[in-house]
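Features reported for this protein in TrEMBL:
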DOMAIN    1-348  domain 'FMN hydroxy acid dehydrogenase'
BINDING   77-79, Ser106, Gln128, Tyr130, Thr156, Lys219, Ser241, 274-278, 297-298  FMN binding site
BINDING   Arg165, His243, Arg246  glyoxylate binding site
ACT_SITE  His243  active site, proton acceptor
Amino acid sequence: MAMVCLSDFEDYAKKYLPKIAWDFFSAGADDCITRDENILAYKRFRLRPRILRDVSVMDIRTKLLGTEISFPVGIAPTGFHQLAWPDGEKSTARAAKAMKTCYIASTYSTCTLEDISAAAPGSLQWFQLYIHRNRVVSQQLVQRAEALGFQGLVLTADLPYTGKRRDDVRNGFHLPPHMKLKNLEEAFEVCKMSLLDPSVTWNDIYWLRSLTHLPIIIKGILTKEDAELAVRHGVQGIIVSNHGGRQLDGVPATIDALVEVVEAVQGRVEVYLDGGIRKGSDVLKALALGAKCVFIGRPALWGLAYKGEEGLRGVLRILQDEFRLSMALAGCASVSEIGRHLVQFSKL
């Protein structure tokens, strides 16, 4: 079967993954309105191509906090990659390195940070952190990540409690006995209740900054008010994210929230986006609206489910090729030429 677009990988994953794993990856909160809106919202933006521009030589590279990546698509933090492929996050890391892009490794990885780092030495890796009730555990994770050479710390800030995902409730979702949250095994023994700390506030950004020299990127911002607070508290980046529609249902699609956040920060920090990216033209629209880079979550898992590292490289390569083509057809020879002039809002 020829894998031509990302939905081919989605169809494969849905067919061949165990139902409990597929349901976990695909789940949205409540009625899944926001999950679905993340994708639909891109269709409301129209591209305004410019013609007769020399696009014979294309440059699709960009930089994340000064580090070059081959194109503006990275891998978002998602948990439990061994549910998709036996090698789990090690395969994810290798695919990201092969494609010269950024991989954000999750706190809830099924491989250790050490194994993830060793699988792809010299690649651009950030570490995603949930702050846990036992702060010592979080502190140790941050310091381990920095010592291993991770280059950024991504704080997920939209999960004081887990959203209600109905299929997971119905399925009684849990990891199979042979899979472990490799970076948190000790924490489970210390803290039997929910590990997440719902008391986290903006002041904890200062605490994190005291622990590490890594740049801090905050993930889960959807409003200009929180974007302003993020800048004020000294973060280096913002990921506009609604957690793939898995937390509060009924919030805006990330592409819709992006404009508000970009206008609020006025270039003071880099702004990224995740959620709903399914085509190269989606990447182009996000960059035109002010994102520096986008990150993919579920499509990366579909790639893993298909053929591990090779499958994920396939997903990334398709997005890379589609993005390059969309840029050229829109009249942009380099990422620096992409701007707000390229898009218009269209009410369907």
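Glycine is treated like the rest: Cβ placed from N, Cα and C.
Here the features listed in TrEMBL are painted onto the structure.
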| residue | record | Cβ contacts under 8 Å, 6 or more apart |
| --- | --- | --- |
| Pro77 | FMN binding site | Ile104, Ala105, Ser106, Thr107, Gln128, Val154, Thr156, Lys219, Gly297 |
| Gly79 | FMN binding site | Ser106, Thr107, Tyr108, Ser109, Thr110, Leu181 |
| Arg165 | glyoxylate binding site | Phe24, Ala27, Gly28, Ala29, Arg246 |
| Ser241 | FMN binding site | Ala76, Asp158, Lys219, Gly220, Ile221, Leu222, Thr254, Leu273, Asp274, Gly275 |
| His243 | glyoxylate binding site | Thr156, Asp158, Leu159, Gly163, Gly220 |
| Ile277 | FMN binding site | Val73, Val283, Ala286, Val294, Phe295, Ile296, Pro299, Leu319 |
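Residue with the densest Cβ environment among the binding-site residues Gly275, Gly297: Gly275, by other Cβ atoms within 10 Å. Arg246 (glyoxylate binding site) counts 24 other C-beta atoms within 10 Å of its own C-beta, drawing on all protein chains shown.
Spanning the listed glyoxylate site, residues Arg165, His243, Arg246 have a farthest Cα to Cα distance of 12 Å. Taking the centre of the Cβ atoms of Arg165, His243, Arg246 as the glyoxylate site, the nearby residues of that chain (Cβ within 8 Å, site residues left out) are Ala27, Gly28, Ala29, Arg35, Thr162, Gly163, Gly244, Gly245, Gln247.
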